[in-house]
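In what follows, a single structure is set out as structure tokens and then discussed.
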Amino acid sequence: MVVKVGINGFGRIGRIVFRNAVEHPEVEIVAVNDPFIETHYAAYMLKYDSTHGRFKGDVKFSENGLDVDGKHVRFYQERDPANIPWAETGADYVIESTGVFTTTEKASAHLKGGAKKVIISAPSADAPMFVMGVNNETYKSDIKVLSNASCTTNCLAPLAKVVNDNFGLVEGLMTTVHSYTATQKTVDGPSSKDWRGGRTAAQNIIPSSTGAAKAVGKVIPSLNGKLTGMSMRVPTSNVSVVDLTCRTDKSVTYDQIKEAMKKASANELKGIMSYSEDALVSSDLNGDPHSCIFDATAGIALNDHFIKLVAWYDNEWGYSRRVIDLIAYIAGVDAGK
């Protein structure tokens, strides 16, 4: 079964989701909406990417859309999500990737145009959040609007799950060392809500807030209130790393932690988590499709209850792959599979 999908917002995540969808046998992008981009410019931005390189397929543009590897993708330029005629192309599932319509009420506007389900590619204040490999099995077909959470939550949640399932996670603090993103500045500029966030991205390490750790409590209810964290935005263009320092209920050695991560990555979290004992640096993970790459040689233990774990993630590519995986999964559930 091939699921027909539309994308609203052809920015960073929208385009990387598109690239991932081309590689996925169960998903077909049939329509894109972005009021700020002309069709020929959309083709250019899909074809060329400074971080992930040139698109491997064939991209052309026509008056009303894109032709990608011989398949036509309709292109709309509606500002109001309620006016996008998704039904014209049969787009049953819509990815909301503008970063603007992130509540259930706002994202539900897509349903008026014929979409059956809306997947928000960002955290949401009220829409149910799902992390593949962690809580996706709790999805029910009556849910119309859902969130794929954040890239950091998608990395942290599998990591925390393995610790909690095997050794009990009492409490933890997370720091994500995160590549800069489009919301940051190329030169110092005004940022009234976050003064530090207005400083030059390529010249500074910038402390920032993040709700990614607390969000783990929403996808793993038993960890609610046990995790919090912060972000350090750093001058790299892509790939980030989670540092989770936590206290375990059971006595554990670091070798036992490694073994649990290795086992999970080969079994229940296969395709979601990977395990590495290589001496990795961030650029080695560019384009990695996993949510969480456990770095076995980077972590340390203070004692048998207090450990520091390190896991990498491509905050663009890995996250976008999960958006597509989530759609394929919920479409299967909706079809009664």
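Even glycines carry a Cβ here, placed using N, Cα and C.
Cys151 (active site, nucleophile) counts 28 other C-beta atoms within 10 Å of its own C-beta, drawing on all protein chains shown. Residues annotated as active site, nucleophile in Swiss-Prot, with sequence analysis given as evidence: Cys151.
Annotation source Swiss-Prot lists NAD(+) binding site at Arg12, Ile13, Asp34, Arg79, Asn315, citing similarity to another entry. Arg12 (NAD(+) binding site) carries a helical DSSP state (H, G or I).
Annotation comment: Swiss-Prot describes Ser150, Cys151, Thr152, Thr181, Thr210, Gly211, Arg233 as D-glyceraldehyde 3-phosphate binding site. Under the three-state DSSP scheme, Thr210 (D-glyceraldehyde 3-phosphate binding site) falls in the coil class. Long-range Cβ contacts of Thr210 (D-glyceraldehyde 3-phosphate binding site) within its own chain (separation 6+, distance under 8 Å): Ser150, Thr152, Thr176, His178, Gly229, Met230, Ser231.
Per Swiss-Prot, the feature site 'Activates thiol group during catalysis' maps to His178. Within 10 Å of the Cβ of His178 (site 'Activates thiol group during catalysis') there are 23 other Cβ atoms, across all protein chains.
All protein chains shown were included, and the count of other CB atoms within 10 Å of the CB of Ile13 (NAD(+) binding site) stands at 25.
Comparing Cα positions, Asp34 (NAD(+) binding site) lies closest to Thr181 out of the recorded positions Cys151, Thr181, Gly211. Secondary structure from DSSP puts Cys151 (active site, nucleophile) in a helix.
Taking the mean position of the Cβ atoms of Ser150, Cys151, Thr152, Thr181, Thr210, Gly211, Arg233 as the D-glyceraldehyde 3-phosphate site, the remaining residues of that chain whose Cβ falls within 8 Å of it are Thr176, His178, Ala212, Ser231, Ser240, Asn315. Of all the binding-site residues listed (Arg12, Arg79, Arg233), Arg79 has the fewest other CB atoms within 10 A of its CB.
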